[in-house]
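Features of the protein shown, as given by TrEMBL:
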- E70, K157, E158, N161, R163, Q175, H190: chlorophyll a binding site (BINDING)
- R75: chlorophyll b binding site (BINDING)
Amino acid sequence: MIAAKSQVALGRRAPVRGQSVIAAASARPTWLPGLNAPAHLKGALAGDNGFDPLGLGQDEGRLKWYAEAEKTNGRWAMVAVTGILGQELLGVSPAWWEAGAKEYDIPAQALTPIEFIVMGFLEIKRYQGFKQTGTSGFINSFPFDPAGMNSPSMATKEVKNGRLAMVAFIGFSVQALATRTQPIEGLTAHLGDPFGKNITYYLTHLPETLGSA
């Protein structure tokens, strides 16, 4: 009361509670500075920066599933990017995009059904656990956190690294298609000849690159 009277005496209007809440919501970080987040993205999810241009998350139930799907794809992307870079650094052949054509100890005809059975079982258990608990897990452990690192800050870091890995994998794929080089190989070539080995060179020589493959 005293504070309100003092503001009135000074010619200022006391802030309305709803206005302060709206101001706090609009002040949270968004994917584009100065852009207001959609009403259905309240910042409660890990890595929520207000990005939903298609409005796919307006259904609250679907929004949780989309967040889970993004997290899962991000984890696969992090594993893939680590494997691609590790394979190149260790000098393992063939190149990562040719690994599917390599002959392994187990024939593809036998390996494929094994993968379907194992991955199908794991995915069914993951889906059932998510429906029951709303969290990620492994088989019957939800959440799956053997290292004891489950926290809001770590969840945000995981989502951010997953998004970065997904973008990196797209870059690796485009690079492999357009240049037929691996990530570190292409970076080294560009650093050694930045004006000769760049996007302009590869775009103008794309027919040759694809033809040689």
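Cβ from N, Cα, C; glycine included.
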Under 8 Å by Cβ from the residue listed as 'chlorophyll b binding site', same chain, sequence gap 6 or more: E158, G162
C-beta crowding around N161 (chlorophyll a binding site), within 10 angstroms: 16
